[in-house]
């Protein structure tokens, strides 16, 4: 009887000697690994049950240190907004925010309580994110891997930099940056779209949504395909890439019969990687052009025959009466 996955959890957990990872004599990577490895049944339901050891390089220490500094600054500013009341902090957490400076300060350093804390927190967050990006590159170098994970994370960092650094500088004011808060940053997104004539008419926003939904579709198609042929060894994808077996043949046949085309066992990962990477890249381009090049995306879309031109009234007054507008005039 072939093993078969019947739910999203791993049903059989195999445990042996903890895997310590590779070590090159010249790198002394083992010296920087911390924590005694152990196994977690809960973690094993979702992936590999082994926890640790963790590789603590200098980039990890800097990233964690500055990230915690950002978290503490934002948290204490939110706590101060509710009079240092823990119950109110918990109650209003979703609505609290550390806001960027007001427009009158431009790109200067404002007083702490007028946006200065926001600038300081943003500095620590920038250092944390960029150091973590460097960590991804250095770890790939040490393991002699490709840089695909680094470039994938770099695409997300591009959007992060556009929102909090590049665009505010081009606009000449830190007030253009995104506030730190759960609902407030969503409110900022809505107001940003309304302010510039609806981002739906931004072609790069359109592309970003295409790649976002496309990534979800590809992930679902690939994940479903592999689970469907796991009983034939389809989960051993590396083997199937260089030595195609019955799992690959069955999966390829299924998709050829479904839509007339099938990706390869290697190619589907390139499709998924590019779709995922292009989501923040195109989104970042669209955000960077907003306000700097295009003031109103709806008018821009009309001028480029992307949106309809509305001439005159198009409310119920144009129909003579409200009843005629809703089609109930006698």
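Numbering starts at 1 and runs along the chain as displayed.
Cβ coordinates come from backbone N, Cα and C, glycine included.
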Item to check | transmembrane segment range according to Swiss-Prot, out of 264-290, 291-317 | outcome: 264-290
Next on the checklist: Can you identify, from 17-42, 147-172, the stretch that Swiss-Prot calls transmembrane segment?
Outcome noted: 147-172
Item to check | residue 269 (Fe cation binding site) and residue 185 ((7R,8Z)-bacteriochlorophyll b binding site), distance between Cα atoms, whole Å | outcome: 32
Checklist entry - If you count Cβ atoms within 10 Å of the Cβ of residue 205 ((7R,8Z)-bacteriochlorophyll b binding site), leaving out that atom itself, what do you get? => result 21
Checklist entry - Which bits of the chain, at least 6 residues beyond where the transmembrane segment (57-83) starts or stops, bring a Cβ under 8 A of a Cβ in it? => result 32, 89, 92-93, 96-98, 117, 120-122, 124-125, 127-129, 131-132, 134-135, 138-139, 180-181
Checklist entry - Same-chain Cβ contacts of the transmembrane segment (264-290) under 8 Å, 6 or more residues past its ends? => result 148, 151-152, 155-156, 158-159, 161-163, 166-167, 170, 192, 196, 199, 202-205, 207-208, 211-212, 214-215, 218-219, 221-222, 237, 240-241, 244, 248, 252, 297
Item to check | Residues from the same chain, set at least six apart from the ends of the transmembrane segment (115-144), whose C-beta lies under 8 A from its own | outcome: 22, 24, 27, 29, 55, 57, 59-60, 62-67, 69-70, 73-74, 77, 98-102, 105, 109, 150, 153-154, 157, 160, 164-165, 174-175, 177, 179-180
Next on the checklist: Around the C-beta of residue 237 (Fe cation binding site), how many further C-beta atoms are within 10 angstroms, looking at every protein chain?
Outcome noted: 16
